[in-house]
């Protein structure tokens, strides 16, 4: 069973940077050693946003984007190696999620697409890469997402305490770690995605730092109710979603009924949408004693305060409180999934994704010996 240093690379739906984590992993423990966040050039970020909202590309443009993202991920890995004075030979493998540009796990031909050419990463780092983690689960009838509940269970499950782990990235997803029950998990809906899209269009800022804009506004209750009527929120698990559904176009369709509103009020309403949809799912899933929050949304004081208010019987903390940085959780999970793939161990949980069976995930892109 392979053990040693692994690197996890995550570029999520929030597009706030490439998260890279270095960890030692074996069958007994996962120990984070270092991490960094690598910026995504504005032009590349916009190209990804465009394709996620259905803008048509030529095959040449799509191929260029795939290559550019692969090179970006490699640059991020090499920066971490340089910072830690490590060589390629010191790393067992890289687990790279890739950049999701489309996720459609239902219908006649279910599919999900993560790009960022793994061959570019191998060629530019000299390290074996494990990637393309989601499509095997979809081939077995699953949603292909979320995959992190298996990691949350391995690290954070408790024998007697009802726990849930909430990742608030672009999309928010919930892991249900309930003693005596199969692990559960699904996407609750938008996390930071709509808030980020709104402030980017209205104020040219990548995100609402410390929720300053949202806290300056007031929740527009009719708009909130209008958005909450979306059928996704009442859809039973297993379910997953992404930017191809909850995007700026989705927000515009709801705002058509509310002309002339204060942009800060919209920001406040979007924050409340995220908090309400999460808290409703926590309660519908039977509630928990402790909700551990990670992802960019864990740094949003308004979201954290609203979750605590909406879940009065629950201790709401960040995963930092149990020794895992909320900023690095997902990248760390994909380092762990790479370890499981190389060890020949399954990485999905059918109780979460709805797949017909457990399976080894991903494709291996070996480095030259």
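Yeah, the Cβs are placed from backbone N, Cα and C, and that goes for glycine too.
For residue 18 (ATP binding site), the same-chain residues lying six or more positions away in sequence with a CB closer than 8 A to its CB are 9, 10, 11, 37, 38, 39, 40, 72, 73, 76. Annotation source Swiss-Prot lists ATP binding site at 12, 13, 14, 15, 16, 17, 18, 19, citing sequence analysis.
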Between 16, 19, which of the binding-site residues has the fewest other CB atoms within 10 angstroms in the structure shown?
16
Taking each of the binding-site residues 13, 14 in turn and counting other Cβ atoms within 10 Å of its Cβ, which one has the fewest?
14
Sparsest Cβ surroundings (other CB atoms within 10 Å) among the binding-site residues 12, 17:
17
From the centroid of the CB atoms of 12, 13, 14, 15, 16, 17, 18, 19, the recorded ATP site, which same-chain residues not already listed sit within 8 A by their CB, in sequence order?
10, 11, 40, 169, 170, 296
